[in-house]
Amino acid sequence: MFRAALWPPVLLLLQLLLLACAPGGEGAHDQDEIRFLPGLAKQPSFRQYSGYLKGSGSKRLHYWFVESQKDPKSSPVVLWLNGGPGCSSLDGLLTEHGPFLIQPDGVTLEYNPYSWNLIANVLYLESPAGVGFSYSDDKSYATNDTEVAQSNFEALKDFFCLFPEYKGNELFLTGESYAGIYIPTLAVLVMQDPSMNLQGLAVGNGLSSYEQNDNSLVYFAYYHGLLGNRLWSSLQTHCCSQNQCNFHDNKEPECVANLQEVSHIVASSGLNIYNLYAPCAGGVPSHVRHEKDTVVVQDLGNIFTRLPLKRVWHQTLLRSGEKVHLDPPCTNTTAASNYLNDPHVRKALHIPEQLPRWDLCNFLVNIQYRRLYQSMCSQYLKLLSAQKYRILLYNGDVDMACNFMGDEWFVDSLNQKMEVQRRPWLVDYGESGEQIAGFVKEFSHIAFLTIKGAGHMVPTDKPQAALTMFSRFLNRQPY
């Protein structure tokens with residue numbers, strides 16, 4: 001009798017679970033298949049799809065899924081997220097490690113010999129809603145770390161409803177920059193869902209800890225010759241005590257003034273914050289510029305966030321009522337923007353006609369975003385406690401937005417058992433032989449790795465090294 005009383009609710013639960021994936025089944029995604037992609041001299045031999053996944057509430061997140069060129073059925077599924085917050089993951093596809101890269105003419109796509117879909121099925125997701133082609137029916141784009149993690153989780157579940165043939169494949173979560181927050185917060189949700197075959201996560205030049213990022217950046221800037229002895233001496237005097245320096249949230253007025261100067265040198269002087277040794281696209285920028293009726297700003301708000309003038313400046317812009325466009329510093333987004341706003345391309349990608357133009361980053365999403373976490377320590381410790389996930393934090397070593405030293409300090413602070421001492425890792429460059437590609441140290445279930453000479457966008461700067469690293473990560477090989 002007791003069992004009989006429970007049986008109808010169990011049936012109802014099963015029905016609800018089935019209804020959640022009701023549109024699924026192999027072939028349900030056929031309407032999203034990209035049949036012809038403009039810009040290619042020859043259409044690809046692998047399948048690719050573009051459409052929408054259901055996020056939380058009325059959010060619809062745009063995805064572009066490229067199947068593996070190796071063997072889709074046995075290759076892992078890899079989620080990729082770019083950061084911002086408020087910037088599009090299509091930047092990763094079209095300028096970093098996608099199967100084809102946009103050319104300067106904004107029309108032509110060229111095949112990428114170091115594409116990550118050579119060995120994996122890669123899902124590029126534009127997140128959160130309001131970014132790129134993603135939208136929300138209620139047009140509410142103010143969000144936070146927790147909401148974004150949940151919405152990305154819902155979208156990932158919807159992906160496996162749409163592509164049930166991939167449910168059993170190994171799943172890896174990867175991303176870059178502010179995805180240093182997105183990926184571990186999402187992974188903590190995914191690890192609790194036994195229907196997903198989560199195997200690991202990798203974050204490139206990620207924001208793992210605001211404090212360690214700020215503190216390390218000042219050392220990075222000084223020892224790369226950017227600050228000079230006068231400023232360095234003043235920083236040591238006013239920001240440090242007993243061999244401990246606080247460059248993150250120091251309230252001492254002279255220290256704050258010094259850090260304003262450091263922030264200007266690193267982010268606003270004309271140096272390329274994403275690659276110290278690369279030129280600044282468009283030349284030395286002004287802090288704010290105008291394009292017709294639009295104010296163009298370039299600060300994504302991830303370094304020295306506690307400086308008071310930064311907060312005042314951001315709120316003034318938000319209240320101004322002016323039309324504001326967010327354009328990351330020293331980057332040229334014209335080619336990708338021209339391509340993705342071409343009507344033929346939008347039609348090929350199944351983008352609704354009523355959606356606004358695609359931009360790399362969305363100012364409103366960025367400026368209204370609530371940063372709930374100052375560090376990802378608890379998330380990584382939770383993932384590491386499972387003792388079954390392969391985790392990689394990798395950094396191009398000439399990036400200043402999320403510098404290698406801060407992420408190395410962060411990994412060290414997790415206090416995991418050291419398995420391989422810091423050593424060079426090698427890439428075979430054919431005729432020039434094996435070369436040192438960077439340095440790696442490995443702990444139990446987590447590794448930290450640098451890519452020599454790469455900036456914030458590692459696959460753009462060092463594509464062969466990036467693919468080699470990615471392959472070793474997926475295949476659980478020594479780096």
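Backbone N, Cα and C atoms are what each Cβ position is placed from, and that goes for glycine too.
It should be emphasised that the depicted structure is a prediction, and the values quoted were computed from it without experimental measurement.
Reviewing Cys240, Cys255, the cysteine that Swiss-Prot connects to Cys245 via a disulfide bond turns out to be Cys240. Here Cys239 is paired by Swiss-Prot through a disulfide bond, and of Cys255, Cys280 its partner is Cys255. Least crowded of the disulfide-bonded residues (Cys240, Cys280, Cys330, Cys361), judged by neighbouring Cβ atoms within 10 Å of its own Cβ: Cys240. Taking the Cα of Asn144 (N-linked glycosylation site) as the reference point, the closest of the active-site residues Ser177, Asp399, His456 is Ser177. Rounded to a whole number, the distance between the Cα atoms of Cys240 (disulfide bond) and Asp399 (active site) is 25 Å. Distance between Cα atoms for Cys255 (disulfide bond) and Cys87 (disulfide bond): 32 Å, as a whole number. Taking each of the recorded positions Asn144, Ser177, Asn332 in turn and counting other Cβ atoms within 10 Å of its Cβ gives the largest count for Ser177.
The Cα of Cys245 (disulfide bond) lies closest to that of His456, out of the recorded positions Cys87, Cys280, Cys361, His456.
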